[in-house]
Amino acid sequence: MAFLLITRRLACSSQKNLHLFIPGSRYISQAAAKVDIEFDYDGPLMKTEVPGPRSKELMKQLNTIQNAEAVHFFCNYEESRGNYLVDVDGNRMLDLYSQISSVPIGYNHPALAKLVQQPQNASTFINRPALGILPPENFVDKLQESLMSVAPRGMSQLITMACGSCSNENAFKTIFMWYRSKERGQRGFSKEELETCMVNQSPGCPDYSILSFMGAFHGRTMGCLATTHSKAIHKIDIPSFDWPIAPFPRLKYPLEEFTTDNQQEEARCLEEVEDLIVKYRKKKRTVAGIIVEPIQSEGGDNHASDDFFRKLRDIARKHGCAFLVDEVQTGGGCTGKFWAHEHWGLDDPADVMTFSKKMMTGGFFHKEEFRPSAPYRIFNTWLGDPSKNLLLAEVINIIKREDLLNNVARVGKTLLTGLLDLQAQYPQFISRVRGRGTFCSFDTPDEAIRNKLILIARNKGVVLGGCGDKSIRFRPTLVFRDHHAHLFLSIFSGILADFK
């Protein structure tokens with residue numbers, strides 16, 4: 001019934017709200033509020049502060065059964081559409097955060113609503129199988145239509161999961177098994193290995209490690225948390241492993257003015273990576289793999305050059321380490337290529353690549369040589385969700401049909417240019433503007449100013465996200481257009497002009 005209601009509302013989308021006033025903000029012209037996708041609104045519409053009274057009441061109720069302090073507001077997903085998120089108090093906001101970068105083609109896309117209503121798809125949404133032992137007849141076909149159609153170069157193997165953390169966690173396990181298999185050679189498991197692994201001892205449980213970078217975020221499960229170094233609150237009180245942590249480059253901006261400094265900074269970090277690999281080998285805690293994000297997201301939208309990643313890949317190969325690229329947040333098209341690591345121009349592809357968020361399901365691609373040697377070694381009950389593969393196949397069709405990767409590249413230039421203009425106009429509030437595609441960000445003077453700007457923007461009808469200590473990040477959908485960027489820039493310019 002909910003999807004029928006959504007479809008009826010989408011059919012009435014031509015009845016637009018033509019007056020766009022945001023309390024306390026400048027008037028936004030109708031040209032800026034142009035609608036060019038059939039299921040979008042024409043602009044923000046604010047009725048209360050956010051969170052409003054209904055959200056506050058629901059937050060209070062939720063807090064009686066769990067800690068709800070992280071909740072921003074409650075949403076009305078039936079009324080949300082396109083690039084606009086509607087809350088339970090009727091506030092309609094331009095969403096440039098898109099559920100922490102996880103909404104690919106906007107809210108309630110008509111094609112997805114239609115897909116859900118088709119009778120032949122009902123059983124896929126009703127029945128969630130244990131895919132590792134009882135997959136449905138069309139499972140292989142749907143994987144080919146969805147995930148395998150966008151498989152990264154050099155990776156023919158795929159394992160689906162439910163989220164980003166379990167994707168990275170199982171990718172680590174895959175790397176450890178691969179590395180031990182190389183050491184073991186052709187022989188099978190020894191009696192000693194089989195016995196000692198049951199009591200968490202060597203040689204059955206070898207003391208391998210994964211090298212990660214300071215500022216990284218790879219998830220919150222035990223193995224992933226050992227490679228996550230973005231915020232202390234994620235890690236405090238949780239036992240962890242002695243695994244190596246390398247510095248990630250801290251680039252100076254504008255890039256063209258600091259070429260030499262940035263090259264030296266990247267060289268310093270790469271040298272430290274090699275030193276740590278050698279150090280941990282001597283400690284008998286061999287680095288089996290290196291994990292890196294194409295852009296450190298939660299840690300502050302930290303970038304490095306394509307050359308840095310090419311050299312990092314060379315170091316991994318030189319020392320026999322697996323090279324794992326975490327595309328959980330950067331994957332799915334938001335940098336202007338389907339996978340952000342495609343920008344690097346690697347001669348030798350990465351060994352393993354994890355994904356989630358905009359891909360609507362989790363999992364990882366890997367090279368043939370990383371294939372598990374026996375069943376149940378990489379396994380859980382669900383191993384993903386076929387209904388998400390069904391939706392993803394249609395999302396990928398829309399990305400191709402509407403040329404959304406080029407849209408992201410084009411609109412990203414509009415957004416980045418506008419942010420640079422605001423930086424020139426308000427250098428006291430904005431610095432280090434950076435981005436790739438619409439995956440953009442900038443720094444503010446401190447955390448307090450950053451948080452205040454995000455709250456003011458929300459009450460003006462724009463949802464933004466924070467990251468790192470003092471950065472604001474942009475994570476719009478792939479159907480974010482030029483006029484959405486201009487609309488945001490107009491609103492945010494007014495905020496900065498009045499900011500105290």
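Numbering starts at 1 and runs along the chain as it is shown here.
Quick reminder: no glycine exception, Cβ is built from N, Cα and C everywhere.
According to Swiss-Prot, the features are:
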TRANSIT   1-28  transit peptide
BINDING   Cys163, Cys166  [2Fe-2S] cluster binding site
BINDING   Gly164, Ser165, Thr381  pyridoxal 5'-phosphate binding site
BINDING   Arg220  substrate binding site
MOD_RES   Lys231  N6-succinyllysine
MOD_RES   Lys252  N6-succinyllysine
MOD_RES   Lys252  N6-acetyllysine
MOD_RES   Lys279  N6-acetyllysine
MOD_RES   Lys318  N6-acetyllysine
MOD_RES   Lys357  N6-(pyridoxal phosphate)lysine
MOD_RES   Lys413  N6-succinyllysine
MOD_RES   Lys413  N6-acetyllysine
MOD_RES   Lys452  N6-acetyllysine
MOD_RES   Lys470  N6-acetyllysine
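Mapped onto this structure are the features recorded in Swiss-Prot.
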{"residue": "Gly164", "record": "pyridoxal 5'-phosphate binding site", "DSSP (3 states)": "helix"}
{"residue": "Arg220", "record": "substrate binding site", "DSSP (3 states)": "coil"}
{"residue": "Lys231", "record": "N6-succinyllysine", "DSSP (3 states)": "coil"}
{"residue": "Lys279", "record": "N6-acetyllysine", "DSSP (3 states)": "helix"}
{"residue": "Lys318", "record": "N6-acetyllysine", "DSSP (3 states)": "helix"}
{"residue": "Lys357", "record": "N6-(pyridoxal phosphate)lysine", "DSSP (3 states)": "helix"}
{"residue": "Lys413", "record": "N6-succinyllysine", "DSSP (3 states)": "helix"}
{"residue": "Lys452", "record": "N6-acetyllysine", "DSSP (3 states)": "helix"}
{"residue": "Lys470", "record": "N6-acetyllysine", "DSSP (3 states)": "coil"}
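Per Cα geometry, Lys279 is the residue among the modified residues Lys252, Lys279, Lys413 nearest to Ser165 (pyridoxal 5'-phosphate binding site). Distance between Cα atoms for Lys413 (N6-succinyllysine) and Cys166 ([2Fe-2S] cluster binding site): 34 Å, as a whole number. The recorded positions listed here are Arg220, Lys279, Lys357, Lys413, Lys452; among them, Lys357 has the most other Cβ atoms within 10 Å of its own Cβ. Taking the Cα of Lys452 (N6-acetyllysine) as the reference point, the closest of the binding-site residues Cys163, Gly164, Cys166, Arg220, Thr381 is Arg220. The recorded positions close to Cys163 ([2Fe-2S] cluster binding site), defined as a CA atom within 10 A of its CA, are Lys357 out of Arg220, Lys318, Lys357, Thr381. Closest by Cα distance to the residue listed as 'N6-(pyridoxal phosphate)lysine', from the binding-site residues Gly164, Arg220, Thr381, is Gly164. Note: the CA-CA distance between Thr381 (pyridoxal 5'-phosphate binding site) and Cys166 ([2Fe-2S] cluster binding site) rounds to 12 Å. A simple Cβ count within 10 Å picks out one of the binding-site residues Cys163, Cys166 as the most packed, and that one is Cys166. Binding residues for pyridoxal 5'-phosphate (Gly164, Ser165, Thr381) extend across at most 16 Å, taking the greatest CA-CA distance. Long-range Cβ contacts of Lys470 (N6-acetyllysine) within its own chain (separation 6+, distance under 8 Å): Asp443, Thr444, Pro445, Asp446, Glu447, Ile449, Arg450. Counting Cβ atoms from all protein chains shown, Thr381 (pyridoxal 5'-phosphate binding site) has 11 others lying within 10 Å of its own Cβ.
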